[in-house]
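Have a look at the structure below before the remarks.
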Amino acid sequence: MPSRPVSRDSGTPHIDKLDYTPGGRLLQPHHHDDSTSRSPSGQVSPSYAGSFFSLAAEGIADQQRQRVSKNLQRYGAFAWAIINCLGAGSITAYSLYAPLFQKRLHYTQLQVNGVSITAELAMYLPVPLWGVFFGVGYILAAFVYRDGWPYWVMILAFVPIGCGTSCMYLSAVTTCAKNFGRGKYKGLALALPIACFGLSGMWESQFGTHLLYEKRADGVKGDVDVFRFFLFLGCLLLATGVVGFFALRIVDEEELIDEAIDELEQSGLLEDSSFLQPQSPQLSRGQTGYGTVPTGDQRLSAEEIDDLQKKASEHKAWLEEQDRKKTWLLNEETKMFLSDHTMWWLAAGFFLVTGPGEAFINNLGTIIGTLYPPPTSNSASSSSGMTTAATHVSIVAITSTLARILTGTLTDLLAPTSSPHQHRRGPGSMANSTASLPPQHIEPSKRSFEVSRLTFLISFTFLMSLGQLLLATGLLQGHGDLFWLVSASIGAGYGAAFSLVPIVISVVWGVENFGTNWGVVATVPAAGATIWGLVYGGVYQGAADRQTEGMRLGLGSGLAVLGNGGGEGAQDVLCYGAMCYAPTFWAMAISVWLACGLWLWAWRGPGGWYRRGILV
């Protein structure tokens, strides 16, 4: 079996840890002559035993200081990852002000969805980018709204908003995955920041509704002040991103990489890898490890400058080797991930679930408006009894958050315990060889009752489809007070999917390349949100056009499409009735059922995780 070559200078003595035998001779003779125990200045030097115990004590103290420092960095990064995610999900509050785009700016439903789709594309597609984009995006959007700038400027403003969402979210989740993904509670460590991402939309929408609102002429609280709300989000998230740049740190990443490389070498999958070939003489000549100096004849021990140069050269070579190992490992992990067909089934199911979820969240305000009869000029106060978009943004956020925390915790307690390197089992690996042993030689499971993570994922996703069916059948038309059933079920399913899919990725394919792996899968909601946003907008706009045409032809005043304080321009863009949404939600429910089937196939189908011995 190949191993990494280690080059040693033949003129340099090497002492291995196995060269020592108890009772052997001392490496340096112990003299009792007083002349040898005094330094040139005449002072008595400490004994060899005293020096040994002193150095040992200093080494233990230094290790403890390093351990405390690493724990502070690890848990400090975890704390700021949660704060990061508490602000990063501001885009989920889009439905709070989306209806005002129709009323105040006279956008059509397709234009409103075009703004949200732009943010979705910018949020999921540029996952490798870094940057704090929130400030520029929200501040620009604030002035577009206040001054009535052209529609394309609003589109441009939501591009950096989507990019900022992606960067803050992925940096927080990846930091937690690498710092805690090898521990006992990796599910909870991932679920908490993901849950806070969903919770951010709730607290931000409530903050805007209750503190940043407009006052009507009679002094009563009105709609959210979008201009002030955008300025608040821009300043808050800009500051959060800047602090996160310094606070989010990965601890002991080198150890993760070394362990992964060792496991890949033992797997038998990399017989011909170029990484296992001899290195160039420049890197291998006289390299004995970072922090050591050869003691051959060619070294001038009295020359401190030469000594420092050697150490600097070795440190540089060590850093280059670490970079080379990391690059090689991540490339190999990415190849293994993309060549695994089950990854594509997982991503396809995620696409079919997140698209309908994103479209529902972004269009909450307009969906609620379709459940009630159209307002008239003499019934403007009738809207006081309607449920509000802010209420259901909060319901979605709360149920999504609870689902993420619940699934993360329960899977830590009930899901099968898996090996951190189970995806690297090759034909020549030790783990693969032991698979042929009789059952009595295999260590039994530590849990008497286990529930797979896929069971939780499919169950919560099916719950999501029940909420979509309530809308599709039209049962809630005229019963907006029961709309919370839809918000709760879709929020729970949507939150569970965003919690469990990254957890499954970390379990099946490891945490060393988690950022790239999850980033690849996280691009599919962009396509899903785009497609379903266009579908909902098209169905809604088509129904609104038919209603308007019917009113013009005198086919019934009950189909009238009227604006509520939006002026004449709003009369052609609002829609009322089940025809505005029912076809869309029938299609959404079918999409979610297909996702459940794809995930079941990736788990139990031919070549699936279960048949490959991968415990999820």
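Even glycines carry a Cβ here, placed using N, Cα and C.
Predicted automatically and left uncurated, TrEMBL annotations should be read as such.
The region 'Disordered' annotation in TrEMBL covers 1-45 (among others).
Look at TrEMBL and you will find 77-100 (among others) tagged as transmembrane segment.
Residues or ranges marked as transmembrane segment in TrEMBL: 121-145 (among others).
If you look at the transmembrane segment (151-173), the same-chain residues 6 or more away from its ends with a CB under 8 A from one of its CBs are 80-82, 84-85, 87-91, 105, 107, 111, 114-116, 118-124, 126-127, 129-134, 136-138, 140-141, 144-145, 190, 193-194, 197, 237, 240-241, 244, 248, 502, 515, 518-519, 522. What TrEMBL lists as transmembrane segment is 151-173 (among others).
What TrEMBL lists as transmembrane segment is 185-203 (among others). Among residues of the same chain six or more beyond the transmembrane segment (185-203), those with a C-beta under 8 A of the stretch's C-beta atoms are 78, 81-93, 169, 172-173, 176-177, 179, 361, 393-394, 396-398, 400-402, 404-405, 407-409, 411-412, 415, 491, 495, 498-499, 502-503, 506-507, 511.
What TrEMBL lists as transmembrane segment is 226-248 (among others).
Residues annotated as region 'Disordered' in TrEMBL: 416-444 (among others).
Residues or ranges marked as transmembrane segment in TrEMBL: 454-476 (among others).
Look at TrEMBL and you will find 482-511 (among others) tagged as transmembrane segment.
Summarising the annotation, TrEMBL assigns transmembrane segment to 518-539 (among others).
Listed by sequence, the residues of this chain that lie at least six past the ends of the transmembrane segment (584-603) yet keep a Cβ under 8 A from its Cβ atoms are 342, 345-346, 348-353, 355-356, 359-360, 452, 454, 457-458, 461-462, 464-465, 468-469, 471-472, 493, 532, 535-536, 539-540, 609-610, 616. For 584-603 (among others), the entry in TrEMBL reads transmembrane segment.
For the transmembrane segment (482-511), same-chain residues at least 6 beyond its ends with a Cβ under 8 Å from one of its own Cβ atoms are 173, 177-178, 181-182, 186-187, 190-191, 194-195, 197-198, 256, 260, 333, 336-337, 340, 342-343, 346, 350, 353-354, 357, 360-361, 364, 368, 371, 387, 392, 395-404, 407-408, 411, 418, 420-424, 453-454, 456-457, 460-468, 470-471, 476, 517-518, 521, 592, 609, 614-616.
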